[in-house]
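> Sharing the feature lines straight out of Swiss-Prot:
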ACT_SITE  ASP128  active site
BINDING   LEU75, CYS76, HIS77, MET113, GLU114  substrate binding site
Amino acid sequence: MSQLTHFDNAGQAHMVDVGNKANTHRVAVATGTITMLPATFALVRDGSAKKGDVLGIARVAAIMATKRTADLIPLCHPIGLTKVAVDFALDEPSSTIACIVRTETHGQTGVEMEALTGVQVALLTIYDMCKAVDRGMVMGNVKLLEKHGGKSGDWVAGA
C-alpha cells in the first residue's frame, strides 16, 4: 500500500508538491445515488416538482461544485477543468436516481475529488429541492468508478 501523501515527516498536513509532475490528460468518473418515495420520484421524473426542474438544477450545481472543490477540500489543488459532464440514471422500481459525474483536465494532478464533489452536491441539491415532500430520502453509494492518466495510470473499480 502507498504512503499517505498529505503529511510530512513530522506528521504535519501539507499540500503535495506537483510542480515536477508531467502535464497529462486526466479523467475521473464518480457516481452516487439518492433513493426516495415513489411519489417523489414521479415528481422528479415528470419535472413537476414545486421548485422546478430538479435534475436540471442538480446538473448545474454539480458543475459549479466541481469548479469549487479546492475551496471545500483543504489540501486539494485548484485545477483548471477542461470538461465536466453530469448524467442521471433513473431506476423507477427502486425510486432511485444515480448521478454520474465525469471530470477532465490536462494537468499535473488528478480530478477524482472534483468528480466526487460534483456527485455529492448534485445529490444534496436533489434532496434540497424535494425535502418539502420527502425528508426520508437516502443518499449513498458515492464512489469513484474510474480514473485515467497521471503517474499512477489507470484505475477502474472492481477491476
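Placed from the backbone N, Cα and C atoms, the Cβ positions cover glycine too.
Since this is a predicted model, take the numbers as computed values, not measurements.
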> Under a three-state reading of DSSP, tell me whether MET113 (substrate binding site) is helix, strand or coil.
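In three-state terms, MET113 (substrate binding site) counts as helix.
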> With H, G and I counted as helix, E and B as strand and the rest as coil, say where DSSP puts ASP128 (active site).
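Where ASP128 (active site) sits, the three-state DSSP reduction gives helix.
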> Write out, in the order they occur in the sequence, the residues of the chain not among LEU75, CYS76, HIS77, MET113, GLU114 that have a C-beta within 8 Å of the mean position of the C-beta atoms of the recorded substrate site.
THR69, ALA70, ILE73, PRO78, ILE79, THR109
> Can you tell me the CA-to-CA distance separating CYS76 (substrate binding site) and ASP128 (active site), as a whole number of Å?
26
> Max Cα-Cα distance in Å among LEU75, CYS76, HIS77, MET113, GLU114, the residues listed as binding substrate?
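Value for the max Cα separation, rounded to a whole number: 13 Å.
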> List the same-chain residues at least 6 positions away in sequence whose Cβ sits under 8 Å from the Cβ of GLU114 (substrate binding site), in sequence order, or say none.
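Spatial neighbours, sequence-distant, of GLU114 (substrate binding site): ALA28, THR66, LYS67, THR69, ILE79, LEU81, VAL84, THR103.
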> Going by C-alpha distance, which of the binding-site residues LEU75, HIS77, MET113 is nearest to the residue listed as 'active site'?
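For the residue listed as 'active site', the spatially nearest of the binding-site residues is MET113.
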> Would you identify which of the binding-site residues LEU75, CYS76, MET113 has the most other C-beta atoms lying within 10 angstroms of its C-beta?
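Of the binding-site residues LEU75, CYS76, MET113, the most buried by Cβ count within 10 Å is MET113.
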> If you draw a 10 Å sphere on the Cβ of HIS77 (substrate binding site), how many other Cβ atoms land inside?
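Here the count is 15.
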